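Read through the structure below, which is laid out as structure tokens, and then see the notes.
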Amino acid sequence: MLNSARTVLARHSARQLYRFRGCLVHQQRHRHQVQRTLATHVQRHLPASLDDKALVALFDQPNGSKLRSPFNTTGLFGHPNLTHPRALVSLAESTLVRAQLLTQRILEAGKSEHELAKVVKNLDRLSDMLCGVIDLAELVRNAHPDRLWVEAANHAYETLCEFMNVLNTHTGLYEVLKQVLSNPTLVNSLSPEAYQTALIFWRDFEKSAIDLPPAQRNKFVSLSSDILVLGRQFLENASTPRPPTSIKASDLAGLKDKGMGVRLQLQAQFTNRDLQIYPGSLQAHMIMRSAPNEEPRRRLYLAANSSTQEQIEVLEALLKKRAELAQLVGRESFAHMTLDDKMAKTPDNVTNFLDALIDHTRPFARSALRTLAQRKQAHHGLSSLPIIQAWDRDFYCPPDPPAPPIPLPPLTLGTVFMGLSRLFRHLYGVSLRPVPSASGEVWHTDVQKLEVVDEDQGIIGWIYADLFARRGKASGAAHYTVRCSRRTDDDDEQGDGMFEGAELQILESQEFEAVKRHRLPNQEGVFQLPLVVLLCEFTRPTVSKGGTILEWHEVQTLFHEMGHAMHSMLGRTEYQNVSGTRCATDFVELPSILMEHFLNSPAVLSLFDADGTSTLRQIGNHHHDPCHAIDTYSQIMLAVVDQIYHSPTVLDPSFDSTREYGNLQNTRGLIPYVPGTSYQTQFGHLFGYGATYYSYLFDRAIASRVWSKVFSKDPLDRELGEKYKREVLRWGGARDPWEMVATLLDAPELAAGDAEAMREVGRWRIEDEVGVGGRH
């Protein structure tokens with residue numbers, strides 16, 4: 001039932017009792033820019049500190065700048081015992097024994113009101129106890145270069161996940177929690193954060209068919225297992241290369257690309273054979289952008305969007321199993337079940353949002369489509385406007401690489417980190433400080449350790465940055481929360497129970513948890529502080545070329561990931577189950593998308609200049625891209641498809657995913673559906689973001705509004721940053737996100753989070769320059 005931490009955001013839609021905190025996985029996506037009027041006034045700002053400047057040397061110098069302590073030796077992440085792979089397996093076994101003792105304590109809590117009052121705290125402790133090892137193991141599985149460590153991490157991961165699966169459907173735990181929530185005195189004694197945590201546990205149990213008879217509960221477990229297997233198969237199918245298509249050399253006459261295009265034509269002439277072009281290859285992308293003849297583009301589009309019957313059947317089986325699972329627990333559809341604890345709440349509200357967004361976006365998209373039709377008309381010398389087909393989009397509007405809003409000097413990785421640290425100091429009084437890692441603390445020499453330092457409270461967390469590409473490391477950009485915030489001084493561990501010999505068995509787990517606990521100034525209690533890891537795959541610096549120069553999309557990616565990281569750092573709650581990024585799926589992307597908006601401000605961009613010697617030019621750096629609206633509209637259509645596929649419709653015996661997709665394209669889409677295509681089998685987010693694909697559009701709309709209404713005029717204003725931290729970031733998932741947004745925007749009418757609130761968000765203009773393909 002539990003899923004990989006690498007897709008934790010996608011799993012928040014089915015919050016398990018013991019969820020992974022995990023990481024946020026984000027695929028890079030094309031961004032198309034729109035023209036903006038940018039203020040050229042650069043505000044007065046705090047000078048770069050020595051720590052800020054040290055970040056430049058840390059990340060830009062290939063040798064000599066790597067901070068290592070020659071005198072200290074420890075284990076992974078500073079845990080003294082984690083010095084070899086066997087220690088990770090041993091830690092998992094110790095944690096399992098300790099978790100079993102705590103589980104037994106919770107099960108016996110009904111014997112006294114004193115113990116019942118501690119049930120929510122103990123459930124959260126149990127979740128953290130298991131997740132602390134599982135999330136560390138998940139990071140090791142995806143980043144450690146040593147195969148023995150990876151194998152040990154797999155073993156630890158599987159051992160504890162098996163126990164978590166038992167807890168997720170444990171009727172005894174459910175009954176104890178029911179006893180707590182049925183007691184008005186106990187409920188009134190819970191803090192708002194504790195009560196929210198209790199409700200999350202309660203909903204998790206109910207989604208696990210906990211109150212059903214044994215036969216139906218077994219059916220739930222069976223369906224959940226089927227869904228996991230089908231989901232993995234679907235993702236494998238989605239990434240399977242499509243077969244090549246045959247292209248005649250004569251069809252490539254007049255290619256606009258004079259490099260690769262000429263080489264392809266010479267190859268065809270030399271072999272005297274048709275070219276075999278694989279969809280998704282560099283050659284295919286070149287042809288889609290450069291071939292004046294429509295036929296090779298059409299053939300490649302058909303090949304790229306083809307599916308086997310088996311691939312379609314796997315997807316439809318997955319959708320049907322999900323629908324059956326939802327109906328088993330008394331819900332009308334999988335969307336109804338999934339959206340219950342989201343901002344949207346119901347499928348109807350998602351429809352309200354998407355309909356409003358469609359109404360707003362359609363005029364811009366149609367205008368852009370008309371521009372493309374005019375280009376096609378001129379190209380073919382036609383007397384009337386032709387229809388734009390799916391294979392015309394890239395030829396008449398070639399995708400441009402993302403570019404900054406104003407000309408900038410080359411930005412190195414270290415320079416961008418310096419700018420981030422300076423931005424965080426302006427907004428939150430928080431900065432990044434390089435610190436030496438001890439021998440054995442990190443898993444590769446590339447990894448750098450940063451302290452996150454608050455000007456009043458000191459160290460509030462740690463970021464381990466593993467930023468350079470290498471063999472065996474997970475691809476893409478990712479944010480892993482290895483450890484969440486949690487208050488620990490009220491754990492009452494002495495009450496967990498014991499049996500003969502258990503003291504030694506649980507010692508490793510106790511020592512593991514004791515690391516990184518701190519008493520912060522001006523804050524009651526002792527806290528476990530957050531620890532996150534950033535994984536990227538940038539080019540490493542070299543002696544000959546110097547620091548890594550980032551492309552603009554890489555700068556955007558880094559800002560996006562650091563938005564998640566600061567959410568983890570500032571969302572320091574007393575309960576780990578609601579800390580940092582552990583919030584609703586349709587809210588969690590807001591901080592990361594908002595961070596990308598800051599890159600539209602010259603005042604923020606000036607923070608990349610440590611000495612204030614560079615001059616920002618007034619002239620904009622890019623042209624209007626008419627296809628931005630088309631791409632946004634296409635993403636809205638995918639969100640609508642996602643809702644259709646998770647509605648009661650899928651249980652109709654005549655359900656056909658291809659027919660539904662084609663009908664939507666022909667009735668509400670911009671470009672006609674192409675018979676014979678079935679893109680849905682490649683829409684991988686249908687698994688990870690099932691019934692919640694709207695979330696990214698939703699958070700884009702909210703982030704655009706927050707930027708324009710709160711930050712755009714003065715993005716370095718400390719009062720605004722403190723308001724955002726106070727009203728949004730510090731709560732993690734412990735507060736209703738609608739209340740957070742309503743307070744931040746001074747829009748009390750949004751607080752209800754009802755159908756009208758969803759429609760209102762749909763009417764907001766998505767004013768970002770952060771593209772359309774979801775990072776998630």
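Even glycines carry a Cβ here, placed using N, Cα and C.
Per Swiss-Prot, these features apply:
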ACT_SITE  E561  active site
BINDING   H560, H564, H567  Zn(2+) binding site
TRANSIT   1-38  transit peptide
CB contacts for H564 (Zn(2+) binding site) [other CB atoms within 10 A, all chains]: 27
Binding-site residues (H560, H567), the one with most neighbouring Cβ atoms at 10 Å: H567
Pairwise Cα distance for E561 (active site)/H567 (Zn(2+) binding site) [Å, integer]: 10
